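**Student:** If you look up TrEMBL, you'll see C:12-33, C:45-64, C:85-104, C:124-142, C:149-169, C:189-210, C:222-242, C:271-293, C:305-322, C:334-357 marked as transmembrane segment.
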Amino acid sequence: MPSIHKFSKTGNNKRNAENDGDFPMRNWLKNKRIKEDIQHKDWEKSLIKSKDFKKIFYYNQKTNVRFGLTFMATLIDENIIQDGVLPNLLEEEFREIEDIKQLVPVADVQICDDPSLIEQKLLNGYVMLTIETELKHFGFIAAQKEIVRGLSQPEVEFSVIGPKEAFVESMGQNLNLIRKRLPVKELIIEEFKLGSLSKTAVAMLYMEDITNEDNVNTVRQRLTNVKFDAITDSSYIVQLISDNSNSPFPQLLDTERPDRVAGILAEGKIAIVVDGSPHVLITPTTLVEFFSSFEDYFLNWILSSFFRLIRLFAVAFSILITPIYVATLSYHYELIPKDLLSTLITSRREIPLPPILEALFLELTIELLREAGARLPTKVGQTIGIVGGIVIGTASVEAGLTSNVLLIIVALAALASFTTPVYRMGNTIRLLRFPFLFFAELWGLLGIVFCFCVLLTHLIRLTSLGRPFLEPLYPPRVMDMKDALIRLPFEKQSKRPIFLRTKNPIRFSRKKAKEKKDIDE
Amino acid sequence: MKKLILLCLVLLLSGCVDKEILDDINIEVGVGYDLADDLKDKYRGTVLFQEFQPDKSVINRTFSGSGKLRQDLLLEVTKQSSEPVVTGGLKLAVFGPELSKKGIYDLVDSFQRDASIGARVFVATSEGKAEDMLNGEYGTRGNSTYIYNLIQHNIEHRDIPKTNLHILANDYYQEGKDPFLPRLKKLDDDKVEIAGISLFSKDREVEVLPVKDMFFFKLLVDKYSEGNFDVKLKKDELAAVKSLRSKHKIKITDHHASITINIEGIIREYTGDKLASEVVGAVQKNLEKKVEKECLRLLKQFQELGIDPIGLGQMKKSKHRNFDFKKWEDDYKTLSFDVKCNVTIEETGVIE
Amino acid sequence: MKEQPVPERLQISPFLVFYLVMSMQIGIGVLGYQRIIAMDAGYDAWISILFAGACIHVIVWMIYKIGDTVGGDIVTAHKYVVGNFLGKALCFIFIGYFILYSLTVVRTFIEVIQVWMFPELSTFWFSFGFMILCVYIIFGGFRTVVGTAFFGLVLPAYLLLTFGWAIKFSNFYNLLPIWDHSIKELLTASYHMSLTFIGFEIILFFYPFIKEPKKSQKWAHLAVLTTTLIYTILAIITFAYFSEDQLAKQIWASLTMWKIVEMPFVERFEYIGIANWNLIILPNVCISIWIASRLIKRVFNIRQKVGVFFVVAAVLSVIHFLDTREKINMLNNYVGKMGFAFTFLYIPLLFAAVMIAKKLKKGKKK
């Protein structure tokens, strides 16, 4: 029960704890009351230590009722109070707490009598209204200040054609972008508050009559089971609700584009929006989705199929080419075509290091360049990146530390690994090269195949939300292949992906969409 | 997860396999065998290596040694070489004349047993010692590459029939067929030329076909072939014919073999005035006659020598069940032949 | 132990049986079977292959009949016929059979590597690493094993095309005249094909893991047909490529055929082929270890994970002692004979027994 203090901001309300040993019952009662009192004032005690805790009292001009406004100054939008709330409260007539509902022009006005809510509401940007005459009830007025970064272009998933809106940190804004694109009643948004300290709002979105119930239940259950203190980004959620957090492969896709989220919701997947993060998570997902950029849907299907295949080839090339170089030069000289043999031998003549060390040296150099380039501020970073790359490359060839053939190979492999449209997968590809290098050094070509088997098994075992990660490659679903490695035209994509086991697998009626006409009709 | 760590640790502990790092090995690219001078060794072998210089030029280096087995040779060579010797790059094997006459089976078997030697190795005989053949400076890309390319494009476009180590082994083991090899001759320190075809009876050389017979031989042996030939017309005019495609059909009955050869070719060069259609017809007829005459002569020659490089025995076997090769050997001596040839000249070049 | 039905999330779709059977059949025998069958039937041996394939279709039909009647795998079939205890005891032999089979496949593969690629490769450590990989796969459940079989068939499928290079140097007249050997010789060659061909009997062991088993029957037949065709075509190409006496000396004819392959960017293909072979035999080993450990679980009631470790330990402890060509050859022959006995003698017997038992039970019911 909050007590109203006259013109005092500090809450020094200490009761003397008398130790009355003669009357244990009385002591117990006293202590209990002290505890209760202290409990009730705990929130004020710690909040008062913050500079932005404000408590101001006003008199209503008409009825002379004294009321107080308590709020955290950094969280509220002063304009709402100044222009909207205060004039009405000061000039209009109000006597009781219930009146403020009609007077205050803010939508979210609540009247509560539960003191435990005070702390939570105050810290969420509500203004608490207390009346001198009313001790039990108090009102909360929503006056949150939203500082939002303006809509900008997507950084990672930039597309040349297509919409260039990207998510921002505010959940309200993000949900607005999504709702705008799917203005149907089936789009359900469920909200959770996760994180004991951060109390981050996390929303789960799905289409009611399309998405499979099991998937929804699993996500809901996993989200409610999250136990962590501060969740500041969606990546935390990724790691906390992944099927297998030991795997380098991401099992949830994240995206910055609202159009992509709208697309996948229509397919029957589930989106997770985290307040404070411009990345929205998508689940369940499969391996092939990490290699498809959303731009594929804006281009003609032949072009986009071709580009997807190039991307897949680039990824395979990027992972395998350096290990193949190491294996071939260390063990299998017979494989090299005789014309290339002279080039390779002469390029390696001066090198004191065996191929594996040479390759590791170059790989690590490229990783260093990448890491350094990521940390330096933009202007300095670009110069150092280019100059460093060229200078280091040329100098190491001249010094005889690496061969120029290997330099080209490693540079091409690095370039090829940048083609993955999803940033998370790009990092995984970077990492995958090293076990292959290790196995190539150990057993040559046989080692590379062996490592590939290990990788394959890992992928087969991996699940995303309980669904196999390698779908539609394994278990092979020919129907789903139409949007995996290649993309068939929209007329052919009349069914939703099978692996989602959606309630309503048909997107549109194919018969109506396509009517065959004869030549001269 | 724990399993992966265990796997890695285990594999680190396990021994690695022997490395053969590319620039630290001596790759054997060519090998030549002669009979050894003294009798206690059987062979004198020459191993050809290629050393690549930083400016991409090639130095040919040869090592010679004697021994009873091919492995002995390699051992001797390894004793002299600064880097380990590996045989996976072998492209060329040359046999000297005396060795060819004595028998090459052991060496061919040794090539087959070695897992690192490929099947596209070119095997050839030489007119001088094989050691001298390999000790030269041919071309700018190394001796073995030079000779390899020499034989290769002569097979594809000129008059050497298809041959390589696999075909040699195939023919050797095949009953009813005898192997043959191209014959090389060293002209100068920097030139090698094709000097004919060595015909073998099992694994011994019995005869050398001269260069002028190679065109006909190829027509008989290869099912589809390309080749070149000069046709003499009346009035001392010559026409050079390049055969683009040729096919042969062989029919064997009990005592008679009839061979039909179809050639489609173009006229490359003509020493007369005008290449009218009668001249083309004359070229065709003359070529047909020449082919028939020469092929018949060759067949009779093979019959006398008792060898069968065309594989008539093999073809006869494919028509009869329970074929008896012993009986065939006698039958072969009394076989009669007839050759029929059809030539079509398609084009005559850009001018008439 | 009571018959527990396998939960649906562990079961596989019927068409995956195609990949399972085919990848189990194509294993280590493909590399060198041509010489063995040509020993008896000469270049007519391709007829023997077709004949053996036809027999296998009959056996597969029998297997499905057995599975359908008893509604389960081979342990269930045994129990149906001879009761609980004896039924379990009979399965004991199969545990040994599959352990031996996986041992054979691993050792023969390592031998191929040791002859063709790395003579100094340590048998024990490589098989140790290989076994760890197999354990990782089996611990992922039956679906992971089937996934390995799927990829172990689909990814190396391009290797079939590489045999096309050999056609350029082949002479198909080698095959003529057809039927130059007696029927007895042809049948002997069919018998020798057994080690290469066995693999389809695994259906008996994972029957309860198939969703709607009846639907998978046509896939199993298709798999056997495809394997037979592949073996026949490969044998024909081999016979055309080698002369008879030459083939008699080639221990691994398929690998020697790869020596002639020449591509613009690869000079010698056999190293790539042999490395890829790792992917082909991986499902063979995994499936046999899975079956052995599952039988252990059914017979002795030990957890399957423990059974896997037991099988792996058995393989690893014995593999070191197989160090010569003769010993490996002997093992291959032995396992081949066992496989033949199991598939062509035991399964028809079991089939007959199940049918008789079914009639008796029907009679009893009435």
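From the backbone N, Cα and C atoms, a Cβ is placed for every residue, glycine too.
Owing to the predicted nature of the structure, the values given are computational and were not obtained by experimental measurement.
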**Student:** Under 8 Å, at least three CB pairs between the transmembrane segment (C:271-293) and the transmembrane segment (C:45-64) (pairs 6 or more apart)?
**Tutor:** no
**Student:** Mind checking which residues reach the transmembrane segment (C:45-64)? Cβ under 8 Å, same chain, six or more beyond either end.
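**Tutor:** Beyond its ends, the transmembrane segment (C:45-64) has Cβ neighbours at 34, 37-38, 175, 178-179, 186-187, 189-190, 193-194, 197, 200-201, 203-204, 213-214, 217, 220-221, 224-225, 227-228, 231-232, 235-236, 239, 343-344, 347-348, 351.
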**Student:** Would you call the transmembrane segment (C:149-169) and the transmembrane segment (C:334-357) in contact, using three or more Cβ pairs under 8 Å, pairs 6 or more apart in sequence?
**Tutor:** no
**Student:** Look at every Cβ pair spanning the transmembrane segment (C:334-357) and the transmembrane segment (C:222-242), keep those 6 or more apart in sequence, and say whether at least 3 of them are under 8 Å.
**Tutor:** no
**Student:** Report yes or no: does the transmembrane segment (C:222-242) come within contact of the transmembrane segment (C:124-142), defined as 3 or more CB pairs under 8 Å with a sequence separation of 6 or more?
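**Tutor:** When sequence-distant Cβ pairs are counted, the transmembrane segment (C:124-142) does not touch the transmembrane segment (C:222-242), since fewer than 3 lie under 8 Å.
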**Student:** Going along the chain, which residues at least six beyond the ends of the transmembrane segment (C:85-104) come within the CB cut-off of under 8 Å?
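**Tutor:** Sequence-distant neighbours of the transmembrane segment (C:85-104): 28, 74-75, 77-79, 205, 284-285, 288-289, 291-292, 295-296, 298-299, 311, 314-315, 318-319, 322, 331-332, 334-335, 338-339, 342.
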